[in-house]
Amino acid sequence: MSKVAMVTGGAQGIGRGISEKLAADGFDIAVADLPQQEEQAAETIKLIEAADQKAVFVGLDVTDKANFDSAIDEAAEKLGGFDVLVNNAGIAQIKPLLEVTEEDLKQIYSVNVFSVFFGIQAASRKFDELGVKGKIINAASIAAIQGFPILSAYSTTKFAVRGLTQAAAQELAPKGHTVNAYAPGIVGTGMWEQIDAELSKINGKPIGENFKEYSSSIALGRPSVPEDVAGLVSFLASENSNYVTGQVMLVDGGMLYN
């Protein structure tokens, strides 16, 4: 019987790459995303089914705790179990520090931090209910290791995810659950297109130039693609990582060394 994973933000980008890789590893996948993303999620589901695994779409607003609880219940019921949660959903904000508003902070913390907290709580309770030793895998970032200018709000949320990952790992270890995080660098996805465009508005550089400059420091000589990140998540979701918990692992091609 296949194990079951739920991937938040699974309709596109890194979430799609993770879903496809976990399906190749033999997982059935609940693709969780905002209801209006169901059409995009259908493309992810096609990739999962092409790997001969089951897939369902679960409508989820990750900032709503009750919705998160019910989404995990739905995933477990439809797919017949629940073994792994990938807290992948997240947003970026690109603003000078002095222009960040209270509303900006509320929005980015709701999506990037509160949702991770809600997911950890809901997944752990479901693991306990089903009697499984589960795995929770959170989305961090190179910005969880080093703060970046113009990304101050985003950086603080990712530092929060790092601390939460470490704390949750210690609390849930007696139950046999592991909690880890992946920390991508420069990934060629829609989020980085947004970051590049917003930075261009601020510093006047041509579109693509900021992405190029950030990528120039990567030791392996190229920005990453979702498949690079998915490979690490694959390890963290597998039995090969059973003795790994509380870790925030860089997958940045050699940008930061920590």
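Placed from the backbone N, Cα and C atoms, the Cβ positions cover glycine too.
As recorded in Swiss-Prot:
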BINDING   12-14, Asp33, Gln37, 61-62, Asn88, Tyr154, Lys158, 184-189  NAD(+) binding site
ACT_SITE  Tyr154  active site, proton acceptor
Ile14 (NAD(+) binding site) CB neighbourhood, other CB atoms within 10 A: 29
Rank the binding-site residues Pro184, Gly188 by the number of other Cβ atoms within 10 Å of each Cβ and report the first-ranked residue. Pro184
Taking each of the binding-site residues Val62, Ile186 in turn and counting other Cβ atoms within 10 Å of its Cβ, which one has the fewest? Ile186
Do any residues at least six apart in sequence from Tyr154 (NAD(+) binding site), in the same chain, have a Cβ closer than 8 Å to its Cβ, and if so which, in order? Ala92, Gln93, Ile94, Ile108, Asn112, Ser141, Ala143, Phe148
Around Gln12 (NAD(+) binding site), which residues of its chain at least 6 apart sit with Cβ under 8 Å of its Cβ? Gln37, Gln40, Glu43, Thr44, Thr189, Gly190
Should Pro184 (NAD(+) binding site) be counted as helix, strand, or coil on the basis of DSSP? strand
